[in-house]
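Inspection log for the structure reproduced underneath, given as structure tokens.
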Amino acid sequence: MDKIVQAITFCQVKQIFAPYSPHLFPEAFPGVSSGDCQGKDKAAEKHCQGDPDQYGNHRSPRIVSLKHHWWWMMNTVWDGLDETRDFDGHILFIEEDHYIFPNAYRNAQLLVDLKPSKCPQCYAINLAPSDVKAKGEGWESLVAEKMGNIGYAFNRTVWRKIHAKAKQFCTFDEYNWDITMWATVYPSFGSPVYSLRGPRRSAAHFGKCGLHQGQGLSNVCVDNGDATVQLDAIDKVPNIKANWPVHIIKRQEGYQAGFKGWGGWGDKRDQELCLSFAYMHHFKDPSSP
């Protein structure tokens, strides 16, 4: 992974590394500390430390690191880096198992330019539908729907709204960052959180091994990294038209307000570490809630 990043020559690159990782602290928090409760241990009976989640399960460092990493990364990119902390425009976030189409950058620019007039109520732009398996409708119109987690971009105004909900994000008993956003942060904004995208995807998720696939000894998942994504000629050039109307998908499927979370995030230490990321680049009045 590092060699791939070091070999990038078509743009400027700055590599950042999350410092509070269970990989760097395997025998201390946020890794596994001596005396930590495991599984469904009862702290009083086992004389161990830790706060169980709503289902009675104690923290798993491998699982909680997902939410920690995303929140640390967001706070670092927006408020910690010299190159970006004074930048107010849109920042695009992609992941290592996202295949980016040749037209993605230009399409993203077009969507950002069109958003104020075409969808002023939209918070972000997306390079792909919120349904990670969907390729798009192929319509001759733009689409506004719930924000997806593949190739999303928003500006500092939206980041400030998200950052203001740090307490909700960090205390909600859910180990996935995106489900936390859908179930508690976005609903707290008071109106539907739409994202503008094109009718064809400009990015695709190709990874098959993740947190939930093939982690047991009997079903180890092996991903050779091949991106078998169909790429048509229209996907190689900007394919968004400024005169298209906007189709709004008002019925937002999936996780939303009222979902209580899958758990995994009940330990007070994780919640406090998460909150510390929110304020590591800001002065926080200790008397504030």
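First residue shown is number 1, and so on along the chain.
Using the three backbone atoms N, Cα and C, a Cβ is placed for every residue, glycine included.
Predicted automatically and left uncurated, TrEMBL annotations should be read as such.
What you are looking at is a predicted structure, and each value in this text was computed from that prediction instead of being measured.
According to TrEMBL, the features are:
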- Asp97, His205: Mn(2+) binding site (BINDING)
- Cys37-Cys48: disulfide bond (DISULFID)
- Cys119-Cys122: disulfide bond (DISULFID)
- Cys170-Cys274: disulfide bond (DISULFID)
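Taking the Cβ of Asp97 (Mn(2+) binding site) as centre and 10 Å as the limit, one finds 16 other Cβ atoms among all the protein chains shown. The most crowded of the disulfide-bonded residues listed here (Cys48, Cys170) is Cys170, judged by how many other CB atoms sit within 10 Å of its own CB. Among the recorded positions listed (Cys48, Asp97, Cys119, Cys122), Cys48 has its Cα nearest to the Cα of Cys274 (disulfide bond). It is 52 Å from the Cα atom of Cys48 (disulfide bond) to that of Cys119 (disulfide bond). The local packing around Cys274 (disulfide bond), expressed as other Cβ atoms within 10 Å of its Cβ over all shown chains, amounts to 22. The shortest Cα-Cα distance from His205 (Mn(2+) binding site) to any of the disulfide-bonded residues (Cys37, Cys119, Cys122, Cys170) is found for Cys122.
For Cys37 (disulfide bond), the nearest neighbour among the recorded positions Asp97, Cys119, Cys122, Cys170, judged by Cα separation, is Cys170.
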